[in-house]
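Q: According to TrEMBL:
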COMPBIAS  1-12  compositional bias 'Polar residues'
COMPBIAS  34-57  compositional bias 'Acidic residues'
COMPBIAS  72-84  compositional bias 'Basic and acidic residues'
DOMAIN    136-241  domain 'TF-B3'
REGION    1-91  region 'Disordered'
Amino acid sequence: MANSTGKPISSTQEDEEATSATEILAQLMQDIIDREEDIDDEDDIDDEVIDDEDDEVASLPLLQESQANQKQSREREEETEKNQPKRFKKQNMMKINIHDFSEETLRLIEVWYEAELDPQDIFGDNEVTRLFSRPIKKQLMSSDVDKDQCMLMLSKEQVKEKMLPFLEDSEDPVKGIDVSVYGPDGKVQQMEFKMWNGDKTPVLTSGWKQFVEDYGLSMTCDFVTVWMFRHIKTRKLCFAIHYVKFSLRD
């Protein structure tokens with residue numbers, strides 16, 4: 001075989017040129033493949049960006065709706081807060097009708113409610129107990145002093161939190177528990193502590209009516225503080241009750 005100059009070409013030279021041409025062709029094919037892959041990758045990236053943008057656009061109305069709902073909720077809470085007397089905004093555990101009392105009396109009630117009374121200072125008998133429950137404070141209502149009711153109603157949530165831990169396994173307030181109740185002068189009366197109205201309301205009964213009469217308790221103007229304890233000697237379940245009377249508005 002001859003080259004372009006007319007000189008003969010050896011078989012070795014012919015093989016080398018064929019190999020070189022094959023290598024060049026292979027490299028060109030690889031370059032084409034690489035470029036196509038790069039284009040595909042760029043398309044994928046563009047698709048991801050578009051998808052992200054679509055997600056952002058789709059989620060925008062939901063975000064706006066959520067923010068609007070949160071704003072309305074805050075506005076309702078602020079409006080409710082404005083309608084509450086300033087001194088009782090944080091006193092959610094005891095609700096009273098503020099129209100029954102003067103401003104001065106409301107301030108006294110606030111002081112009483114926030115004060116941490118020590119029952120030992122009131123009852124002063126370390127031979128009875130050294131451990132009282134946290135107190136429950138409430139304003140006496142008509143249901144507490146009505147002769148037809150004859151029971152002191154207590155907050156179920158507060159009783160569960162503050163008093164039920166004092167009970168022993170054998171004591172069941174649903175069935176009723178006999179208790180001793182100490183008045184502010186140390187006088188003891190026997191009552192029953194039980195769940196009333198289908199396990200909905202904890203009450204002191206079977207003796208509460210006499211307690212009301214003995215201390216001349218009245219609805220609205222009288223406020224009580226109630227502790228539970230266990231007698232240090234007999235281990236019997238007991239209550240201690242202190243009361244204070246506030247003047248009603250003229």
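Positions of Cβ are set from backbone N, Cα and C atoms, glycine also.
What you are looking at is a predicted structure, and each value in this text was computed from that prediction instead of being measured.
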Q: So how many of the residues in the domain 'TF-B3' (136-241) end up helix, strand or coil by DSSP?
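A: Per-class counts: 22 helix, 41 strand, 43 coil.
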Q: Restricting attention to the domain 'TF-B3' (136-241), give the mean pLDDT.
A: 93
